[in-house]
């Protein structure tokens, strides 16, 4: 049940808060260019799922259909797995389909009906699944016969696990960029007509394209204009943190100012920040040229690697960027990744994504959106912000803790399917009782994701252990027993 946002004494109407700003800030926060948001991981995940569905439909081509439908071939026989619907609901339609299999002496191992996942108006509501063994030489003719009496004929081969990185070095392969908001391609990008800015972006992007795991992150010599943009964002946001940011963000931000070069007149270097994070929580930064695909980005989190941009937003729009930039990453994400519990929460989302279906990736991306990007939490009877999208956006940070949005208790099942807003501020936010509570709820949600295996991160080798056999589980259990032995010894020493 939605809960009113009354926990924070500093909460006030959003428009009232804006009216207390100077004219320049107020105009920026209320302008469409400020409110407009960059493309999210959710949108990318949704597009990937739609592409996969389109590819599945395209597999109705004869050659593709054969590849998708045949699970194995041996001794001149092929195991065929087919899904199809029938024209009309008459018994004769099914009889004609069965006759096609009989003609080619197919040995039917399994036949069942299933509800159509996305029934069309007036269309069939049942689909048929057939597993049969048929002479390999007759495959093309059989499929042709079935297609004459059935509709939507497609392969239903055994579920294949999608590739995912097993070693941290394999993140070098996870570099699929979403280019929708590239300043070279997006007419609405603030830097589209600025050739100097576009060339600068290409120069900085090349660092990410050339980077390999294990390399030190090259340093960027930022220009005076870039530092001025950083200063405006840095000072404006910092003035709100003391009243709006969660305790963990405030504590880490102070440490970053002391040890990692966080100050208004200098943009921190990723290599310095990465070393700081590694000492705190084991997270590392990796340079990226832009917005990664959802699957690649989430996979990186499984290794405690955060893909981080080095470029900065255009100087004409310091209070808004249509894409992630170093202001968003360094001011919003990095301080939170310095907290151990939050770092584990982030890694858990990444681990849950490995080998997951496109549909689950979309749900996990939505969860990421409403937690890591736009999450709220309770602290000392008040509601505070911990989401990076809030902590790097002056306007939305004010809005999220005002009286205007609806605040709901964090429930992963609800958050994973909650419609999100990318054209204006969110109308709904989810508040967690604590990071530990959010972590436990996320793990419960992830345990219900259907995969033929579990995964575990090995912090010694920076690799993913795939637990898909008794042997793999026993080997992992040995490590747990060693850790328990150490803890038991420590307890006895204290006692």
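Our numbering is plain: 1 for the first residue shown, then up by one each step along the chain.
Backbone N, Cα and C atoms are what each Cβ position is placed from, and that goes for glycine too.
Worth saying up front: this structure is predicted, and the values here are computed from it rather than measured.
The phosphoserine feature in Swiss-Prot is assigned to 19 (among others); the stated evidence is similarity to another entry.
Per Swiss-Prot, the feature phosphoserine maps to 31 (among others); the stated evidence is similarity to another entry.
Swiss-Prot lists 40 (among others) with the feature phosphoserine, giving similarity to another entry as the kind of evidence.
Swiss-Prot lists 41-65 with the feature region 'Disordered'.
Summarising the annotation, Swiss-Prot assigns Fe cation binding site to 328, 333, 373. For residue 333 (Fe cation binding site), the number of other Cβ atoms no farther than 10 Å from its own Cβ, over all displayed protein chains, is 23. DSSP classifies residue 333 (Fe cation binding site) as helix under the three-state reduction.
The feature site 'Important for substrate specificity' is assigned by Swiss-Prot to 422, with similarity to another entry given as support. Following the DSSP three-state reduction, the secondary structure of residue 422 (site 'Important for substrate specificity') is coil.
Sequence-distant contacts of residue 469 (phosphoserine), defined as residues of its own chain at least six apart whose C-beta falls under 8 angstroms from its C-beta, are absent. Look at Swiss-Prot and you will find 469 (among others) tagged as phosphoserine.
Rounded to a whole value, the Cα-Cα separation of residue 328 (Fe cation binding site) and residue 422 (site 'Important for substrate specificity') is 16 Å.
Of all Cβ atoms in the protein chains displayed, 23 besides its own lie within 10 Å of the Cβ of residue 328 (Fe cation binding site). Separation of the C-alpha atoms of residue 333 (Fe cation binding site) and residue 422 (site 'Important for substrate specificity'): 19 Å, rounded to the nearest whole number. Summary for the recorded positions 373, 422: the Cβ-based neighbour count within 10 Å is maximal at 373.
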